[in-house]
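Colleague: Got a structure for you, written out below as structure tokens; questions coming shortly.
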């Protein structure tokens, strides 16, 4: 059996080698020639999986070790009888930690009490729900918006988009969709951007294209935190220059998230092939507790991982893709013992 795997998939050799012969290729370089004789294709976000890639191939299973779905033509895969699995939720903890870290740093630098701020979360899936739990632990009031969930689940504490955009801190956590009753493409645009005020802290850590960048770059906010961009890696320089923190789509790039993404695909592939799982694979991420001896939450979080280094790395945007591919080691908070209480939820 032949497997073609994005070489950025975490521990691909240790996790997938016993299935057969592995060819590892950079995600952007995976093409129809490289997958023609493959049985299994495992990707991250940089490979467009569609008829152009797979027509004429013998691929029977596609696994994506990331949460996004806009790089996958699911209708095509279904029409060809190709099994598809996506590691939904694998990076929810990492992204929520990114947002909380930025809020804590901003509160210190701009001298405000985050417990007196409202946090508007748009999209209450894996990431949004995780972030809401962390915010509650920290005493931050949340405004939650997710029309599809509200429609089907009748959740009691959700509010409309206008109300959510009125929050002191607004963050997007929706998938990127262009069709359906509630498309998220350019969800924040010229028709509703006026709800964002010059005192608003605005995040996009979801997908590029959810906020209309040509409008965003002209609006004054208190702070912009931008991790996801239209047309990556050719990002909007004017918008980058407005940002308090501009990072190269790495909010979800913890070691834990990468491992969980690979492991979830591994589990799905075992099920697909009827193979027994190797229980030792779970030990690839285990490590002893690490100690942090800092007196404030800000200093503790920055000692665990300082996201300012990620922003500095792409001051030259030519580094965008290489930095993502060679991202520094970053562990999630539950691996650490600290003097300050970490909002682990």
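Placement of Cβ uses the backbone N, Cα and C atoms for every residue, glycine included.
Annotated active site per Swiss-Prot: 207, 232, in sequence order, evidence recorded as sequence analysis. For 249, the entry in Swiss-Prot reads active site, proton donor, with the evidence type sequence analysis. Swiss-Prot lists 45 with the feature substrate binding site, giving sequence analysis as the kind of evidence. According to Swiss-Prot, the feature NAD(+) binding site maps to 146, 174, 227, 252, an assignment based on sequence analysis.
Help me understand the surroundings of these features in the structure.
Modeller: Every protein chain considered, the tally of other Cβ atoms within 10 Å of the Cβ of residue 207 (active site) stands at 26.
Counting only residues at least six positions away in the same chain, the Cβ atoms of 208, 248, 249, 320 sit under 8 Å from the Cβ of residue 232 (active site). In the three-state DSSP reading, residue 232 (active site) counts as coil.
In the three-state DSSP assignment, the secondary structure recorded for residue 249 (active site, proton donor) is coil.
Secondary structure at residue 45 (substrate binding site), as computed by DSSP, is coil. Around the Cβ of residue 45 (substrate binding site), the same chain contributes 27, 64, 66, 68, 71, each under 8 angstroms and 6 or more positions distant in sequence.
Mapped onto three states, the DSSP output places residue 227 (NAD(+) binding site) in coil. Long-range Cβ proximity for residue 227 (NAD(+) binding site), meaning a same-chain Cβ under 8 A and a gap of 6 or more residues, is found for 98, 203, 204, 205, 247, 248, 249, 250, 251.
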Colleague: For a quick check of understanding: given the listed NAD(+)-binding residues 146, 174, 227, 252, what is the maximum Cα-Cα distance in angstrom, as an integer?
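Modeller: Answer in Å: the longest Cα-Cα distance is 21.
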Colleague: Translate the DSSP assignment of residue 207 (active site) into the three-state scheme.
Modeller: coil
Colleague: Measuring Cα to Cα, how many angstrom lie between residue 252 (NAD(+) binding site) and residue 207 (active site)?
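Modeller: Checking the Cα atoms of residue 252 (NAD(+) binding site) and residue 207 (active site) gives a distance of 12 Å.
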